[in-house]
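Quick look at what Swiss-Prot lists:
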- THR13, THR14, SER15, THR266, GLY309, GLN313, GLY410: ATP binding site (BINDING)
- THR13, ARG83, GLU84, TYR135, ASP244: sn-glycerol 3-phosphate binding site (BINDING)
- THR13, ARG17, THR266, GLY309, GLY410, ASN414: ADP binding site (BINDING)
- ARG83, GLU84, TYR135, ASP244, GLN245: glycerol binding site (BINDING)
Amino acid sequence: MQDQYILALDQGTTSSRAMLFDRQGNIVSIAQKEFEQIYPQPGWVEHDPQEIWSTQAGVAAEAVTRTGLNGTSIAAIGITNQRETTIVWDRETGQPVYNAIVWQDRRTADFCDSLKKQGLEAKVRAKTGLPIDSYFSATKIRWILDNVPGARDKARQGKLAFGTVDSWLVWNFTKHELHVTDVTNASRTMLFNIHTREWDSELLELLDIPRSMLPDVKASSEIYGHTKTTVFASKIPLAGIAGDQHAALFGQMCTTSGMVKNTYGTGCFLMMNTGDKPIESKNNLVTTIAWQIGDDVQYALEGSIFIAGAVVQWLRDGVGIIKTAAEIEALAASVPHTDGVYLVPAFAGLGAPHWNARARGSVFGVTRGTTAAHLARAALDSIAYQSLDVLAAMEADSGISIGELRVDGGASANDLLMQFQADLLGVDAVRPQITETTALGAAYLAGLAIGYWKNLDEVRSQWQLDRRFSPSMPKEQVEQRMAGWQRAVRAAKAWADDTQ
């Protein structure tokens, strides 16, 4: 297997990517293709499932061929994906019955409110580790069954399949043979009991979702099957699956209880490994399965921030104060602070630990002296503030004081943001040499399943430091800024709640 590589497929919210990794965990090749975001109505977000598949298959082939290799050089494929995004398709034709409803989509918020009013939140959280929220897959499936003509009848007849994006990719890679998912993706549906690790019949009944639609649930690291498509001439083992944040936690080698990572992508996703026992959150965090390797199941606490890097995209595309996302660091660094300006980027509601679906983006503290640079700095700062809110909740739930924060994702390359994050936290923000930890985690899971890497210790030894950011801001300054942020969040919530 010396000259073979692991192919990681990273199907994200805005693009499909593929990366080849060698035995040392180095990236040998990358291919990426963006795809269309569909916004049929305010608060609705969709993708075309066929475009998800075509772009992912395309970059998989491209990543391999651009290095002069072919399918025989691939030892295994690992898949990681945007979670919760919901696809329902016809088992016979393989055609989706509706567009993919994306994790950011809020169309089922009212239905979620009605479930909460029935007093079901405690039951759902006890079983799934999740709050009732339109973010998760369950109510999206229900919406498709209720709103696509003929869908419910077909589902009752066993003719429809539901899958998160990983399931859809495996289904297509195996020419409609395998309908599977892994425990991490299943744990994000609001239908999966994280204690028994089975689909929960009571929740399925409650939401009127037929069991026959659901995929078989597997470990995150095992050989599920082999590719059968024309993308590769040879049969390649599909051997690792994990939702993007779980894969990043693994890629960051947060393999012991109390270790935390933050992935700064479109949103921010913080996850803490809590070991082999699920901790029920008292602070509006999500309890989830970190991964399963063999019979070993690790659990995690997670806080999701809906808008992180997306606030930079908004400054570029919506407001036009920067032309490229890369410009923001220099613009923000041109002022020493925001001059009292706070931006609460609740464009799609507030995520953890607030979970307020109706809050909207707000800017406070604006004066005639406020400039584009102040707005840019406030936008970057908002990413760090939101992360701090989640980390404080994690410490409260777990009883563990965080020793350091491992960072990755696109915005972790922003030194100004990383330094401010360390200042707010009062602990080091630690950036690894390979920040593509999501894809790396998927590669590790697949490689371990086929013996490409011997064991966890071999994989753990590959993690290498790029830079450590240590706190340097005086405590009084930190407290003053945090108080301003908390005031801004309270004001954003008040605006959302005042609908008289």
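Quick reminder: no glycine exception, Cβ is built from N, Cα and C everywhere.
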By CA-CA distance, flag whichever of THR13, THR14, ARG17, GLY410 among the binding-site residues is nearest to GLU84 (sn-glycerol 3-phosphate binding site).
THR13
In terms of DSSP three-state secondary structure, what is the assignment for ASP244 (sn-glycerol 3-phosphate binding site)?
helix
Please report the distance from the Cα of ASP244 (sn-glycerol 3-phosphate binding site) to the Cα of THR13 (ATP binding site), rounded to the nearest angstrom.
10
So of THR13, THR14, GLN245, THR266, which of the binding-site residues has the fewest other Cβ atoms within 10 Å around its own Cβ?
THR14
Roughly how many angstrom lie between the C-alpha atoms of GLY309 (ATP binding site) and GLN245 (glycerol binding site)?
15
Set of same-chain residues at least 6 away whose C-beta sits under 8 angstroms from TYR135 (sn-glycerol 3-phosphate binding site):
GLU84, TRP103, GLN104, SER304, GLY351
Among all protein chains shown, how many Cβ atoms are found within 10 Å of the Cβ of ARG83 (sn-glycerol 3-phosphate binding site), not counting that one?
26
Whose Cβ, among the binding-site residues GLY309, GLY410, has more other Cβ atoms within 10 Å than any of the rest?
GLY309
Residues THR13, THR14, SER15, THR266, GLY309, GLN313, GLY410 binding ATP per the record - widest CA separation, whole Å:
14
When you look at ARG83, GLU84, TYR135, ASP244, GLN245, which the record names as binding glycerol, what is the longest CA to CA distance in angstrom?
15
